[in-house]
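S.K.: Straight out of TrEMBL:
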type: ACT_SITE; residues: His102; note: active site, electrophile
type: ACT_SITE; residues: Glu174; note: active site, proton acceptor
type: BINDING; residues: Asn10, Trp11, Lys12, Gly180, Ser220, Gly241, Gly242; note: substrate binding site
Amino acid sequence: MTRTPLMAGNWKMNLNHAEAVHLVQKLAWLLSDKRHDYGKVEVAVIPPFTDLRSVQTIVDGDRFSLKYGAQDVSAHASGAYTGEISAGMLAKLGCSYVVVGHSERRQYHAETDEIVNAKAKAALGEKITPIVCVGEGLEVRQAGEHVPYTMAQVEGSLAGLSKKQVAGLVIAYEPVWAIGTGEVATPDDAQEVCAAIRGQIRESFGDEAADAVRVLYGGSVKAANVAGIMAKADVDGALVGGASLEADEFGGICRFYDMPVLP
Ligand SMILES: O=C[C@H](O)COP(=O)(O)O
């Protein structure tokens, strides 16, 4: 089965709404460049909540089908949850995606697999595709436990989802030690865990889900290293942090098929 690659730019807590407009306009202009076949790849930006309305306005008038989404969502539909944003609110803003279980949420906000699972279900209930993040820290990697550790996160985060729901999901493997450190995992490191994730999906949810689910790699992806990572069979795209804040750099990542594979 052919899976459409997805390049998702997670801006994290960067760029106010005016800066967001500037970046998205430049990105939309780059992506409309007919010299490049950007049609081969799906591109999404994941700005802070406060930028979503502005991004929606630009994307509505854009000729390239740029997608966008949010960095988090409440597990609750509505009510007394001060500071939270519901999936219904995100759907109303036209969000296609929402990141759930990013390692920074797991680390700084004590998000467990149960919470991530509830958030993924809330998103799916509003027809928003969750980008479910998993991945190990440095100590786990050094102990050689990265595959079982990450598989346990996958199991907990996807508990109770249907085969069809899993087929439509995006899972992002982000080794925590490679996030924002410049320490990129090798393409073989990325492939090892992305393949294990697909293998686990095959076992738990069947062939159709395993062949359709998109598994991204995230962690210090740049235009210069993206081609080697994307050459791997089980890597279907990238969740990009720092490099997504620069239109030219992110545009280069989206054009991974034109980039050289580093030795
Ligand atoms: O969500 C994105 C990841 O945390 C990767 O961030 P990074 O590309 O800055 O390493």
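Backbone N, Cα and C atoms are what each Cβ position is placed from, and that goes for glycine too.
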S.K.: Checking proximity to ligand 1 here: which binding-site residues out of Asn10, Lys12, Gly180, Ser220, Gly242 have their Cβ closer than 6 Å to it?
M.R.: Asn10, Gly180, Ser220, Gly242
S.K.: Measure from the CA atom of Glu174 (active site, proton acceptor) to the CA atom of Gly180 (substrate binding site) and give the result in Å, rounded to a whole number.
M.R.: 11
S.K.: Taking every protein chain shown into account, which of the binding-site residues Asn10, Ser220 has the largest tally of Cβ atoms within 10 Å of its Cβ?
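M.R.: It comes out as Asn10.
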S.K.: Which of the three DSSP-derived classes (helix, strand, coil) applies to Gly180 (substrate binding site)?
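M.R.: Coil, per DSSP.
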S.K.: Other than Asn10, Trp11, Lys12, Gly180, Ser220, Gly241, Gly242 themselves, what residues in this chain have Cβ atoms within 8 Å of the centroid of the substrate site's Cβ atoms?
M.R.: Ile179, Val240, Ala243, Ser244, Leu245
S.K.: Roughly how many Å separate the Cα of Glu174 (active site, proton acceptor) from that of the residue listed as 'active site, electrophile', to the nearest whole number?
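M.R.: So the alpha carbons of Glu174 (active site, proton acceptor) and the residue listed as 'active site, electrophile' sit roughly 8 Å from each other.
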S.K.: Whose Cβ, among the binding-site residues Gly180, Gly241, has more other Cβ atoms within 10 Å than any of the rest?
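M.R.: Selected residue: Gly241.
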S.K.: What whole-number value in Å do you get for the largest C-alpha pair distance within Asn10, Trp11, Lys12, Gly180, Ser220, Gly241, Gly242, the residues recorded as binding substrate?
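M.R.: Between the outermost Cα atoms of Asn10, Trp11, Lys12, Gly180, Ser220, Gly241, Gly242, the distance is 14 Å.
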S.K.: Using Cα coordinates, what distance in whole Å links Asn10 (substrate binding site) and His102 (active site, electrophile)?
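M.R.: Cα to Cα, Asn10 (substrate binding site) and His102 (active site, electrophile) are separated by 10 Å.
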S.K.: Measuring Cα to Cα, how many Å separate Gly242 (substrate binding site) from the residue listed as 'active site, electrophile'?
M.R.: 15
